[in-house]
Every structure is written in structure tokens, then in C-alpha cells.
Amino acid sequence: MSLSTKREHSGDVTDSSFKRQQRSNKPSSEYTCLGHLVNLIPGKEQKVEITNRNVTTIGRSRSCDVILSEPDISTFHAEFHLLQMDVDNFQRNLINVIDKSRNGTFINGNRLVKKDYILKNGDRIVFGKSCSFLFKYASSSSTDIENDDEKVSSESRSYKNDDEVFKKPQISATSSQNATTSAAIRKLNKTRPVSFFDKYLLGKELGAGHYALVKEAKNKKTGQQVAVKIFHAQQNDDQKKNKQFREETNILMRVQHPNIVNLLDSFVEPISKSQIQKYLVLEKIDDGELFERIVRKTCLRQDESKALFKQLLTGLKYLHEQNIIHRDIKPENILLNITRRENPSQVQLGPWDEDEIDIQVKIADFGLAKFTGEMQFTNTLCGTPSYVAPEVLTKKGYTSKVDLWSAGVILYVCLCGFPPFSDQLGPPSLKEQILQAKYAFYSPYWDKIDDSVLHLISNLLVLNPDERYNIDEALNHPWFNDIQQQSSVSLELQRLQITDNKIPKTYSELSCL
């Protein structure tokens, strides 16, 4: 690949074919560095400075600002447009890339089909098939600049960039060039907010839900592996909401508890002229969900369920003390941090499986309504109500008692493998079963379960929130102290023989369908 321009820039690595044209009458000294295109082709490890001019043209024509002479490059292949956006109360200078070519412009392996794509830090951009670059915005501080230059100057290493591994090229520059570039960058980016893509490298997808997808990511400086929840795009038309998002995430980042997934960082990122995405950076828990454990084992032992459930209640107690109501407690939102046994002499710290030393419960997705909008969040809950309290379904006022109802459903599922409310147990319908608190402990599934557990569940799955256990009553229940409850379960909640046509399928059985 050959690349040329018509005027040298201080701060760029240059050779006889690496020059730059200024098409504006504005003196070049008045332009400042907005970012760089770093050449990824072996043997062509140079970087092109992209300034804050209104339009930068790329193509084979000698009138282009950046000239690429490969045969698959169009005469006018692409344009970089300076885009100034007010996002999260910051004026951001961004680059909007527009494809003008026949052979395409590709961002991270995907062909650019829309005319409105905002480049992000670390994007890999390929013009045609032959010209491959890594794009980097200029850093917001001299420290960041030095770190970036040091990284790029070091030996080529392999990095994950969303969908593939690429080489980070070797680049060197003189100290005087670095000083000139750094001064220009500081002038432009004095108030530039830190972007998610400044701090993290995105990796593989971990999962997807109603509101967002979750990806793996790595902190560029520390190497820490994290999970990032990327919410679906929304209109950038309400700066008040963006400010509220920032304030609320700052509050949630102060939530620190052993049984809560830590929120580490948050970002608002523009993705087009009119749309933004919100990013939440979270502690990464590697050992799966409570739901997966139930599916794998069909149901959990009583001692195992007790140890996990007490941790769940302890985490909920902390959230409620911080005036945070979860409202979406379910096995998929209960993550497990498992310490594996490395040798037979290690002593177990709980009633776990043979290969496990200890398990720590981590509650995820607390405060989600703050990021999705109250109405959307509630409507989604009502659409999949298996664990939702009756007062949420009726959209009446509610308290932290909604989390105690959901916890009761989880304990029920842990011990028998299927939920107390389901369409399999109808009629009535699933929703009506919840609204009537109509459930039972069916034989033979509950025959060997202690009465004390039935008493606890029956005081959590209470229709009237005022009569439902609060968090302290649940934590102080005799079951946790191995005290048997005598004659405590009402007659209608005794173990009932289920009819053959209503035998429920466990989550394990349903997962095999």
C-alpha cells in the first residue's frame, strides 16, 4: 500500500511519500490534532494526523487530503467530517466518517452502510481491502499522550479488537515532535471527557437482554477484566436525562458490598449525530448464574440453598439500607463467584460440591430502572412476571417488600427445580396465580423438605405487602439457626398431591426441549 499527502506535518512520522495537503486558506498552524490513523500494514507503520478541519478527504485523487494509491481505492473514497456534539453537558469534537466508495469502507470488519458513523477510539478502519488503519482520538492529557506513544513504540503485540486480533504497530517520534503534538492536543482537548474507548478494549459478547448486551472488556492501563453493559441506542435529545444518569451512576458506584456486583464506571457515548449509548462497567463474575446451577443440578440441597439464600438476603438488606429497591430479583440476576478446590487437603467453607471450596453470591442489575426508564422497565417486568410481586403487576405503589416476594420465589425454585407460579399449573393463568398468591407445596417434590422452610416461604409469598416478611424477619427466621418450626404451615399450604395433568417441568427439563 502506498500513501501520500502534499505537505509535511510536525508530530507525524514521515517519509518521502508521507505528506499532507491543506485545502483551506486557513493557516496550518491554526489546525490542531484531533486524532490519528495508525497504519496497520507491516512495513508501513506510520500515522496520519487528522486535524479539526471541517472535512478531511481520503482517496486516490491528488486533491484528497490523504492519498491512498492502491487500485481498490476510489478516487474519492471516504470523508471525515468534524462533528461537534453536546453530550452529557460536554462539547465533544468527534469524527463522522462517510463512505463514498465502490469497494467499501469497513469499521471493525463491518461494511459502513449508513452515512452517519462516529469513529471511536480503537476502531479498525479498512478502506477497500488493502488499506488498514487503527483510529485513535488525541488523548486528553499529556500523561495519556505519553502512555499512548509508549504503547505504540513498544514491540508489536496482539490485541483483541471486538472480532479479531490485530498487531499494534511500532512507531517512533522525536521528543520535540511529541512536545509540539502534546501542546496542540491539550489546546483542543482541555475539557474533553474521557470516553469508554479511551480506557477499555472491548472483547467477546457475554450475553444479551431486553435493554442491553453485555460484553467482556479490559482496562488498558491495569489489565483488569470487566463486564460492560451496553444499553440500546436512544435519542440524544434530553440533556437533563443524561445528567441524571451521570448523577445516579455516581451514587450507585458508591454501593460496596461483598454480595453486590460492583459498578465501576459509566459513560455516555455518541454513536451518530442524533443517538447515544450508555455504558456501565461492572465487576466481572466468571462462574455463572444461580439459574445455570439450578438447571445443571435440577434442584439444590437444603443446606446449599440455605447458604446461598442467606447471602442473597444479606445483599438485599444492604441495598434496602441504601434506599435501593432491586425489583428484578431472579436466578439470572444472581451471579456466583466460586473458589475451586485445588487439592484434597483444602477445607471447605460451606456446604458446597466436592470440587468447590466456597461460593460467594453476587446480586447483579440493581437500579436498572434508572437506566432504562421507569415505564419501559415496569412493562418488561409485567411481560415476564414469574418472579414479580403482585403489586408490581398491578402497577400500584410498592416498597422494598417486592424484593422479599421475589426472594421467596427463588428459594422455592432452588428447592424443587420449578417456580410456584407457571402456566403449567393453570388454570388460572400465571398472572392470576400471582395476583391471588395461589401456590402450593406439591408432593412428592416437597416431602423431604423441612417444615421450617415451608414456613419461611409462606411468609414471603404473601399477597398483602404489609403482612409479608421484611428483610430482618427473613434473616432472623429459625431455619437459618436449624430450629424446626412446629405446626407453622397453614392447612392449604401443606404438601399437596399434584394431579397427573399438572405435573410441572423443572428448569432442567425445559432446557432440554
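Keep in mind that glycine also has a Cβ here, set from the backbone N, Cα and C atoms.
Source: prediction; values computed, not measured.
Of the listed residues (Ser10, Ser153), Swiss-Prot tags Ser10 with phosphoserine; the rest carry no such note in the record, though that does not show they lack it. Here the candidates are Ser139, Ser182, Ser272, and Swiss-Prot annotates Ser139 as phosphoserine. Listed by Swiss-Prot as binding ATP are Leu206, Gly207, Ala208, Gly209, His210, Tyr211, Ala212, Leu213, Val214; the candidate from Lys199, Lys229, Lys240 that the record includes in that site is Lys229. Considering Thr180, Thr298, Thr339, Thr380, the record held by Swiss-Prot lists Thr380, annotated as phosphothreonine. In the three-state DSSP reading, Leu206 (ATP binding site) counts as strand. In the predicted model, the domain 'Protein kinase' (200-480) has a mean pLDDT of 91. For the binding-site residues Ala208, Ala212, the largest tally of other C-beta atoms within 10 A is found at Ala212. Within the set Leu206, Gly207, Ala208, Gly209, His210, Tyr211, Ala212, Leu213, Val214, Lys229 that the record links to ATP, no two Cα atoms are more than 14 Å apart, and one pair reaches that distance. Helix, strand and coil counts from DSSP across the domain 'FHA' (56-112) read 0 helix, 32 strand, 25 coil.
Around Val214 (ATP binding site), a 10 Å sphere centred on its CB holds 18 further CB atoms from the protein chains shown. Within 10 Å of the C-beta atom of Leu206 (ATP binding site) sit 15 other C-beta atoms, taking all shown protein chains into account. For the pair Val214 (ATP binding site) and Asp328 (active site, proton acceptor), the C-alpha distance works out to 17 angstrom.
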